[in-house]
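Note sheet for the following structure.
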Amino acid sequence: MNTLTVKDIKDRLQEVKDAQDPFIAQCENDPRKSVQTLVEQWLKKQAKEKALKEQWVNMTSYERLARNKGFRLIAGVDEVGRGPLAGPVVASAVILPEECEILGLTDSKKLSEKKREEYYELIMKEALAVGIGIVEATVIDEINIYEASKMAMVKAIQDLSDTPDYLLVDAMTLPLDTAQASIIKGDAKSVSIAAGACIAKVTRDRMMSAYAETYPMYGFEKNKGYGTKEHLEALAAYGPTELHRKTFAPVQSFR
């Protein structure tokens, strides 16, 4: 074993996939501290990958259940933007292929902006179909945010290039004939819903950053329309824009 350099061992560990591989035992018996460090790093990496695979299996349980009932095109649907004082509510519907594996995909609120962007690209690459639904602030004011959220979800489903035969929806029942399941906190329990939430979140964040170029004083690129101190101070100084939800407190007080 000592005939192998540390670099040789590092390169070979890249090819080892099983902790029971005899090479791992050989490395563990190697007296060199640098080799011991490599083994520890490899074992940690394997444990992390195992945990992510187990998470993926758990988060595909609703999809497997639907497929066992004969459904094939299963769309996960979620929306973002219920709480902000400005900007649209955005929904996305995503149909993932049965064989895909996007490890680490989970509730978008638990992911960093960088990670969401990475998963956005992966989902767009892997998905069979992605649909987007957008409902602007003026409509939110007319029909309320709950109804606007449902409308955005329906629009997202209608925007899909393939027609789903089953829907997994985050905490909502939609006025559609399509078979569906409403799942509380679905973006943490279903990969399809998590994918929809990620696409919706990144899409909306990009929209708000673009709006910031037209309305730089409100800090939309940072607050995404939420009622931060900076945003409220801008509302007090400049009043609401066409992007603001006039029926939302405290926007009403600045009209």
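A Cβ is built for glycine as well, from the same backbone N, Cα and C atoms used for every other residue.
Going through Asp170, Asp177, Asp205 against Swiss-Prot, the one listed in the divalent metal cation site together with Asp78, Glu79 turns out to be Asp170. Confidence over the domain 'RNase H type-2' (72-255), given as mean pLDDT on the 0 to 100 scale, stands at 98.
Taking the Cβ of Asp170 (divalent metal cation binding site) as centre and 10 Å as the limit, one finds 26 other Cβ atoms among all the protein chains shown.
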